[in-house]
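Chemist: What TrEMBL shows for this protein is this:
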- 1-40: domain 'Potassium channel' (DOMAIN)
- 16-37: transmembrane segment (TRANSMEM)
- 85-106: transmembrane segment (TRANSMEM)
- 96-175: domain 'Potassium channel' (DOMAIN)
- 147-167: transmembrane segment (TRANSMEM)
Amino acid sequence: TLGFGMTTPATVAGKVFLIVYGLFGCAGTILFFNLFLERIISLLAFIMKACHERQLRRSGLLPPNFRRGPAMSGVGSLVGWKPSVYHVMLILGIFAITLSCCASAMYTAVEGWNYVDSLYYCFVTFSTIGFGDLVSSQNAAYQNQGLYRFGNFIFILMGVCCIYSLFNVISIVIKQVLNWVLKKFECRCCPKCHKSSARLGRRNAITPGARLRRHNISMDTDGQYDSDTEGRRLSGEMISMRELTASNKVSLAILQKQLSETANGYPRNVCINTRQNGFSAGVGALAIMNNRLAETSDSR
């Protein structure tokens, strides 16, 4: 998905081949990026958890002979522990800057660009923008050409994977900031809406005695309003039998899940994340981040 544009298909057969091959090639590349993201996040989580255990051991909250395993899974400080998304973003940012600086040094020495242009080329290439104003490996001959092209390939591959992971972490942080801002400003501009929502509560919520209260309220208000719509609005939103059955099914499923987690002694996703590949909660980068990091799991 770089698309520098210095080499393009010219024949009809080449263009058709590009369309067909691009469907599978781009899909495979996205899968590769997601797998790289999962592995790098798992590695960072393992390292950060080991550092967290070492810190707890130094502070005396863990015994010196503590080892990971099912026998010690009841330690409250480590059950369900996940690394902070902000720490992961900082580590990926430092790694991306270091990789860009090393690649820029190579491009400055080989291509003859100044260092700022080399940094600009690294960002445009690693982020897959691909303007095409600066393109590497376009001269007729280079000193140690094979080694330079191999290094160029490695830098571009690692840079794109690293920037892709960093962009996904930044998108999670942006989502959290937007959710926080929306929660702060929720219904502040409309006090009437806030008052009505506080009176009615959650839509179609079923509580003990709710059916009897709704029946009494609707009987009292039938003589005051001509339309059925107004009577329903003041009676707490009457629900149909189909909605009642659906709500009971959802409540039963939640109750079964809670009973299962209580019997096992821990939530299910705490014990299966180490065995599965990170796609259990969905497909894509956001699902991987939600499974691996702390802040995203709580706000999901």
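Cβ atoms are placed via backbone N, Cα and C, with glycine included.
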Chemist: May I have the DSSP-based helix, strand and coil counts for the residues of the domain 'Potassium channel' (1-40)?
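Modeler: Summed by class, the stretch gives 29 helix, 0 strand, 11 coil.
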Chemist: Sort out the residues at least 6 away from either end of the domain 'Potassium channel' (1-40), same chain, that have Cβ-Cβ distances under 8 Å to it, and list them.
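Modeler: Answer is 92, 125, 128, 130-132, 135, 138, 156, 160-161, 164-165, 168, 277-278, 284-285, 288-289, 292.
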